[in-house]
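What TrEMBL says about this one:
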- 26-50: transmembrane segment (TRANSMEM)
- 62-82: transmembrane segment (TRANSMEM)
- 94-113: transmembrane segment (TRANSMEM)
- 182-205: transmembrane segment (TRANSMEM)
- 211-234: transmembrane segment (TRANSMEM)
- 322-342: transmembrane segment (TRANSMEM)
- 362-379: transmembrane segment (TRANSMEM)
- 400-420: transmembrane segment (TRANSMEM)
- 440-458: transmembrane segment (TRANSMEM)
- 517-537: transmembrane segment (TRANSMEM)
Amino acid sequence: MALGVFVNWRGNTINEEVHGGVRAAWFLYVLTVVTNVVIVPNLLNMVTYLHGTMHMGVSGSVTTAANFFGATSGFAMIGAFLSDSYITRARTMLLIGPFMFLGYGLLALQAYLPSLHPPPCNTEAELNNCKQVHGKNAALLYVGLYLSAVGDGCIRSCLPSLGADQFDHEDPKESHQQSSFFNWYTFGISFGGFVGLILIVWLQNYKGWDIALGLCAVIVLLGLLVVAAGLPFYRNQVPQGSPLTRILQVLVVAFRNRKTEVGEGLEAHEMSIEVGTGYIGSLSQTNSLKFLDKACINRGKKGDWSVCSVTKVEETKIVLRFLPIFISSVIGYISNIILFTFTVQQGGLTNTRLGKIHVSPATLFIIPIIFQMLMLAIYDQFIVPFLRRRTGYSGGITHLQRIGIGFASMILACIIAAVVEKKRKEATVQMSLFWLAPQFFLLGVSDVTSFTGLLEFFNSEAPRGMKSIGTALFWCDLGLAPLMATFLVDAVNGATRHGHRVGWLEGASLNTSHLDWFYWVVAVVGLLGFFNYLYWANKYVYQNNQRVANVAPTVDQDSP
């Protein structure tokens, strides 16, 4: 690790014995858990709040919740840009993260004061007489929601990247710890969601939304205080200016030089010392996307908009090579979103009694989360070390292999779900919830593999000055997948709607719909997306060495 790249919170050179490592990561694990205690239950239960308390229509409630999730992904990109360009990731979280606390505080205040929300009303029995939130109260609702989205988005984009910065991927021991960090970061998301779906949902249902939202605000504040306490221990990457400007410079200069052959001018490989002086983290020239190398040609003019260093050009190449993986991953994740949504609805129509315990439909989300936590612990502690010894890869397998396993498990889950749904509709006795265990299990497998794999891939392969933007691309992947899933549902309903016959998923309930047929369509779409992903994954050339670094007693060297 180049020590000049990282500084402590005062801007001084770090001491590797004091800064970074597992101790620094623990502060970030705590924030991961406590924020997801808040995020997961509120995200899953938001439609209930908007419809039942604010008396929005079902369509309006769903649209508002979807826009909120999409806005969070958008704000993640803004937070990533700020942390990579101007201020460190820790400072970005501590400066913008409090907006999340403020947002939930405003929502709690609105839920507590009767004058700030509509009067209670039974939306099922007397929907036409229910007064929907409007005017200043509606404005307060949206301000609270989007303030929390601003803080949440910035924390999402900065936290994983800051965690990865605490480990040196060139050091064998810390390389293993960095890979484990992403596994335990995902575990923290699952564990936080598990606690939230029990505690926060119980408060929402039995004590009131004001108490639940007020506790959420307090929890977020405590998490931010814990992160602030860890400031003396973090390795903070020095911001390197706007990455978007650097990419634009390369594209503009390469376009200007499009008619010039690379050999006609002085190449930036020779000039990189002059042009790139002070730029941290140089990159070697590669043979891919060679048309961008024309940005390196010196035509006698000086300045960033006239000639670019090799490092700038290679950064741009890395981002462009991301795009096929990014797009194919969005397509691959459609199956996960659909399965997660409809499997829980299926569960609500099964026998959900476990002995004397009745499992409510909202609590069914806990089942895939439990699978995820168990598999993440087993994967990190047993499977990864076993595979590492046999493959030589730091993470046991490559990032793209791990993602591919997740996408394959989603296809298998769709096929199993189609068979189970057909059996459920044909059953004369209510089917047990346990029949859904295989698809719940495969949903857990997909999150352990594709979720963590995508996060680690975008973070580790991003150029050093764009780590947070790489993480934000991951969250944009997850934000675009639900939109694509909605488009697929609408397309299937439109194609199967004839005259007075409704579409496959437009029945009054799942019993009068054709979810089993739809699952087969999703499986086919997933299979086509999987082949597309395999094509681009096979063509991708890693920027960083995936193999374990072997260090000799006297000479440091990386394994090939």
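Including glycine, each Cβ sits where the backbone N, Cα and C put it.
Because TrEMBL annotations are produced automatically, they should be read as predictions rather than curated entries.
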Among the ranges 94-113, 182-205, 322-342, the one whose Cβ pairs under 8 Å to the transmembrane segment (211-234) are most numerous: 94-113
Cβ-based contact of the transmembrane segment (517-537) with the transmembrane segment (26-50), 3 or more pairs under 8 Å: no
Stretch in 62-82, 182-205, 322-342, 362-379, 400-420 most in contact with the transmembrane segment (26-50), if contact is a CB pair under 8 A: 182-205
Closest-packing stretch to the transmembrane segment (182-205), where packing means Cβ pairs under 8 Å, from 322-342, 400-420, 440-458: 440-458
